[in-house]
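Here TrEMBL flags Lys66, Lys90, Ser344 as substrate binding site. Annotation comment: TrEMBL describes Lys102 as active site, proton donor. Marked as site 'Important for catalysis' by TrEMBL: Asp142. Feature annotation from TrEMBL assigns NAD(+) binding site to Thr185, Asn216.
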Amino acid sequence: MNALAATNRNFRLASRLLGLDSKIEKSLLIPFREIKVECSIPKDDGSLATFVGFRVQHDNSRGPMKGGIRYHPEVEQDEVNALAQLMTWKTSVANLPYGGAKGGIGCDPSELSVSELERLTRVFTQKIHDLIGVHIDVPAPDMGTGPQTMAWILDEYSKFHGHSPAVVTGKPIDLGGSLGRDAATGRGVLFATEALLNEYGMSVSGQRFIIQGFGNVGSWAAQLINEKGGKIVAVSDITGAIKNSNGLDIPSLLKYSKENKGIKGFHGGDSIDPKSILVQDCDVLVPAALGGVINRENANEIKAKFIVEAANHPTDPEADEILKKKGVIILPDIFANSGGVTVSYFEWVQNIQGFMWEEEKVNNELKRYMTKGFKDVKEMCKTHNCDLRMGAFTLAVNRVARATVLRGWEA
């Protein structure tokens, strides 16, 4: 089942639990707008290259649409559609005044020079500048993009609309980015994990963690969990996977990974097959890479007691059912990885106010939002007698449905 089908399935299950009217259900599923544009640029060698860019704007009943822009060879309409819808539910679970959007360009950023990436970003912005905006749709970084990409979008957008720092989030600090944004998703994963474990009378300290994916989210989660006394027993990235039952030396691994562009060859652990990392023995499994990695092929082999979904859609519905029967507790992506969009909201607020916050304030506010979010999800679990995924989905869908009805859009 692809990401769009799985997201639609979760939405329909939540809609059934809530007893939503079919008219509202239909209006919540159909995206507000889908944009597909051709982006042609001159390459450094003088040849012309053409790429396809997408922006799907899913819902704006609760506020401007919000979502990342990814540069990846496999970017296509259905995936962008699913991720835009997930952003609607994610911003709603976090109780942010946003709807969901997502964008991307089908390209391999590793095969493009910096100047080619800049030209591509500027052409894409030219094509969509009148469809995004501070109070319309606010992009952010995603896979294959980062603060520099956001800086180019901000600059290009400002040529048409005047200086508008709040049009994108995840910007460099020098252009109005927020302190604490780089670590935000990983820090949110820590706060979400703390809230989950506290529910069972446990703490992060002393628990054994496996982190699949050692990019921005996974590496920050590893660092912060390690600082709280959690034992990281295995990690993986695109270069390989390593395991140490006594706990990996995370500060050394972070330094090594930065210097060697990956964890492969790190001497503080044994090399293992990256495909086996999800089924290694641990207390808490944190998938922090691509979607669909936990599926019917490996779900029965998973030994973790808790799964914290730091990636988008890492568990497919069939695996969900298998894990539920095994008694594995899954903290769903639409809550667990919402720290990034929450601090993006703080960045947007700071830009609109023209007043920047200290990093301590950003982190304290993030903890408050994540802790309250978990409490709200648990309340819905009790109300509808459901698991955490359905608790999060019913909470999100209910808030968006209420906003839609109040605005008179359900007809």
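Cβ atoms here come from the backbone N, Cα and C positions, even for glycine.
On a predicted model such as this, the values are computed, not experimentally measured, just so you know.
Everything TrEMBL records as a feature, shown here on the structure.
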{"residue": "Lys66", "record": "substrate binding site", "Cβ within 10 Å": "28"}
{"residue": "Lys90", "record": "substrate binding site", "Cβ within 10 Å": "28"}
{"residue": "Lys102", "record": "active site, proton donor", "Cβ within 10 Å": "31"}
{"residue": "Asp142", "record": "site 'Important for catalysis'", "Cβ within 10 Å": "22"}
{"residue": "Thr185", "record": "NAD(+) binding site", "Cβ within 10 Å": "24"}
{"residue": "Asn216", "record": "NAD(+) binding site", "Cβ within 10 Å": "18"}
{"residue": "Ser344", "record": "substrate binding site", "Cβ within 10 Å": "29"}
Chain-mates of Lys66, Lys90, Ser344 with C-beta within 8 Å of site centroid, substrate: Gly67, Met87, Thr91, Ala94, Leu96, Tyr98, Gly100, Ala140, Ser338, Gly340, Val341, Thr342, Tyr345
Pairwise Cα distance for Lys66 (substrate binding site)/Asp142 (site 'Important for catalysis') [Å, integer]: 12
Extent of the substrate binding site in Å [max Cα distance among Lys66, Lys90, Ser344]: 13
Spatial neighbour of Asn216 (NAD(+) binding site) that is closest, considering only the recorded positions Lys90, Lys102, Asp142, Ser344 and their CA atoms: Asp142
Thr185 (NAD(+) binding site) to Asp142 (site 'Important for catalysis') - Cα separation in whole Å: 11
Within 10 angstroms of Lys102 (active site, proton donor), Cα basis - recorded positions out of Lys90, Asp142, Ser344: Asp142
Separation of alpha carbons, Ser344 (substrate binding site) and Asp142 (site 'Important for catalysis') (Å): 12
